[in-house]
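Asks: One structure is given below, represented as structure tokens, and several questions about it will come after.
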Amino acid sequence: MNPISIFSVVISVICAVQAEFKVYWEVPSFLCSKRFNINVTQVLTSHKILVNQGESFNGDKIVMFYENQLGKYPYIDSNKVEINGGILQVADLLKHLKVAKDNITNLVPNPNFNGVGVIDWESWLPTWDFNWDKMKVYRKKSIDLVKSKHPEWPSHRVENVAKEEWEKSAKEWMVKTLKLAQELRPNAVWCYYSFPDCYNYSRKDEPSPLACIRKVLVENDRISWLWKQSTAICPSIHIQESHITKYSMSQRVWWIDARLREAVRLSMYHRNIPIYPYINYILPGTNQIVPVMDFKRTLGQIASLGLEGAILWGSSYHLFSESQCKITFDYVKNVIAPTVATVVLNTNRCSQLICKGRGNCIWPAEPFSSWKYLLDPKMPVFKPMKIICKCKHYLGRYCEIPK
């Protein structure tokens, strides 16, 4: 058999193995198909990217519930109007769960749905201290509530009780909503969007300041109930325009690495549950596409940490015109599809060759550069001494020991 034939056989065998690295397309690209006959899905599916039937935003592969789509989510809007009670302590949780049950069964009609379910609640945070900027209103309203009941208490006691009541209520709301979703659609994995956060927005010319600070680690551990109840973790590593203009490439690598490693750390609270980071192809608040090398590197970083995949999110805002749809189509064809194909191929190759197909490869001594191995389209050589395996149902450096 000549070398070309051997290469073809190797490729076919590897591709026959079910990909351990899954990329979900969460973009309403049906708008391009219906309005302008620009079909992005054919390119995506031919490169094993998971797309909902009919190119819908919510469907058989992935669903996302925004704040107004799931139950009676309490929040305070931009005009200071209190919606559904405004703050958690006075909102009706039972009514919320009753409505949420109908929402879930309607949006996810298949009781055997086995995709990814995402809850996107962003108006407030369960950690009291992280409700800053616009979210400070929740702390103020919580303090006012305690003050109205106990006007004689000193301010420090009022704030301590307000914090305790807020965090207790947040836990109850988030856990019971997750449990409901898991009971109704038990074959799916469920997560809250953008949890955990790392709040690593400083700009320094070394890795450590871009890592999660100790305060964040401590507070993320305090909400261990969230990681224990979740069956997936879905942090956001969206590339921002400010990252491109203010950060060097090395700093962008460090920023993403810190956020991913915090997700990995917290996943251990619940038997190493799968991690699906949210990534983007359009810079938020702009019409600019993510630079090609940044997109490639981001996907490579996710895979090089042994994670299960990624969710590629996009808004209908960028699909209203024919020119916008053409930009999306070209980026999918020339950047997203070939990058995903290469990363999936190399992830599977390394898994089969080094981890016996029982886990994914990690390069612990090369935390900021190992992504390059998985972006190499020329069948890179994987050196076992540089690799440890993130194993599924096995133990040992190379997943050689059954649990």
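Note: Cβ is positioned from N, Cα and C throughout, glycine not excepted.
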Asks: State the disulphide partner of Cys32 as given in Swiss-Prot, choosing from Cys212, Cys234, Cys325, Cys350.
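Replies: In Swiss-Prot, Cys32 forms its disulfide bond with Cys325.
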Asks: Cys191, Cys212: which one closes the disulfide with Cys198 in Swiss-Prot?
Replies: Cys212
Asks: Disulfide-wise, see what Swiss-Prot says Cys389 is paired with, picking from Cys350, Cys355.
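Replies: Recorded disulfide partner of Cys389 in Swiss-Prot: Cys355.
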Asks: Going by DSSP, how much of the domain 'EGF-like' (346-400) is helix, how much is strand and how much is coil, in residues?
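Replies: Final tally across the stretch: 17 helix, 10 strand, 28 coil.
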Asks: For each of the disulfide-bonded residues (Cys212, Cys234, Cys391, Cys399), count the other CB atoms lying within 10 A of its CB, then report the residue with the highest count.
Replies: Cys234
Asks: When you put Cys389 (disulfide bond) at the centre and draw a 10 Å sphere around its Cα, which of the recorded positions Glu122, Cys234, Cys361, Cys399 have their Cα inside it?
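Replies: Near Cys389 (disulfide bond) by Cα: Cys361, Cys399.
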Asks: Among the recorded positions Asn103, Glu122, Cys198, Cys234, Cys355, Cys391, report those whose Cα falls within 10 Å of that of Cys361 (disulfide bond); none is a fine answer.
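Replies: Taking Asn103, Glu122, Cys198, Cys234, Cys355, Cys391 one by one, the ones whose Cα falls within 10 Å of Cys361 (disulfide bond) are Cys355, Cys391.
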Asks: Count the Cβ atoms, other than its own, that fall within 10 Å of the Cβ of Cys191 (disulfide bond), considering every protein chain shown.
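Replies: Result for Cys191 (disulfide bond): 25 other Cβ atoms within 10 Å.
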Asks: Average pLDDT across the domain 'EGF-like' (346-400)?
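Replies: Computed over the domain 'EGF-like' (346-400), the mean pLDDT is 95 on the 0 to 100 scale.
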